[in-house]
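These come from TrEMBL:
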- B:4-131: domain 'Threonine/Serine exporter ThrE' (DOMAIN)
- B:6-21: transmembrane segment (TRANSMEM)
- B:26-43: transmembrane segment (TRANSMEM)
- B:49-69: transmembrane segment (TRANSMEM)
- B:76-95: transmembrane segment (TRANSMEM)
- B:115-133: transmembrane segment (TRANSMEM)
Amino acid sequence: MNDKLLVETAVLAGEIMLVSGAEIYRVENTIDHILRKAGRNTAEAIVFSTGIFASLNDPAIEAITVARRVTGRSTNLNRVYLVNDVSRMLCEDRMTVEEAYVRLTDIRDSVQYGRRLKDIGVMGVAVFFTLLLGGGARDCLAAAVTGISLATAMEVSARIRLNDFCANAFCAFLIAIATLFMGQWLIPGIKSDIIIIGAIMPLVPGVIFTTAIRDTLNGDYASGTARIMEAVVIALAVAAGVGAGMGLFQWLTGGLSW
Amino acid sequence: MVVQTIGAFLAVISFSLILELPKKHVILAGGIGAASWLVYLLVHASSGSVIAAAFLSSLLVALTSHIFARIFKAPVTVFLVAGILPSVPGTSIYRSVSYVIANNPDLSSHYLVETLQVSGAIAMAIFIMDSLFRLGQKR
């Protein structure tokens, strides 16, 4: 068996999972399982939220160690799911290492839903969360408009490469302004509070928070605390954005109605 | 309540698009989200406690996620993340901020504490189910 390719495959699998938002122990487990297929004495994997180290050693071979720095992450559960499948098939000998490597490079760039569909998703979240929180038809209509402005804001901040904190704050700011504006002049009488709550849901770090808890309770404290920090910072950014939007609106109109 | 549950179902499905949930599990994830929101509403109506509601609904989500993950041989995260979303304390965060703007520090800190408590309740629920399902499992 080609040890070098096996290590490469294992690290690639780990990298995809880590970037896509899998828990640390799942990434380590996957790399471990794949490395163990080589049947060497030592197979170790260390994973942090920012990097991966994997090592394979045996008296018969020269040690192979791969370090990989991981930057940029975006949640993509489908990739986690697909890599999980590949690693399962590889370990059950239903796939060769070469096949697995090719398959993984495909998965790395796979996208299920296009950008338009994602925009619709953002709008849908705003509308249906408003419904879920007890909004009526007029509220949902207003939420749809707010959702569209949120999707636009997200795209704009991605295009001008705004950093995460500013992007979240900017999106939240726009949500607050758009909703309050509509409540004041276009569709009076809407419940602007639940519309804002519904619309900030795509920004609220629910996924990061969930992963952070599971990491921490699994004993991966370094990544756990890093992710909790990330969730707190995002929440603060959203709060700052909404607060700034509401404050500005109040200052402009000289009074808020909620 | 029926309308709100349908809202939860569709909201989780919309979220699935953003999170790139595997296509064949989207409907199921939506179902978990709807069930969890129904439990949330029922518990909230009967006990009046947001924290109990968040705890019990997250417990249900975590339980069903672990079961479905084993049935479909998929990572638990796939179901867990989407189902948890309706219980995430977006409302408390918002109210905390809005009372800062409205110059009402007492209510603001009340909702800030509530945010932390709800987050803690969700964390507890996930933790309990994770621990239960790990019993007797080889590492």
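Using the three backbone atoms N, Cα and C, a Cβ is placed for every residue, glycine included.
Per DSSP, the domain 'Threonine/Serine exporter ThrE' (B:4-131) is made up of 115 helix, 0 strand, 13 coil.
Within the model, the domain 'Threonine/Serine exporter ThrE' (B:4-131) shows a mean pLDDT value of 89, rounded to a whole number.
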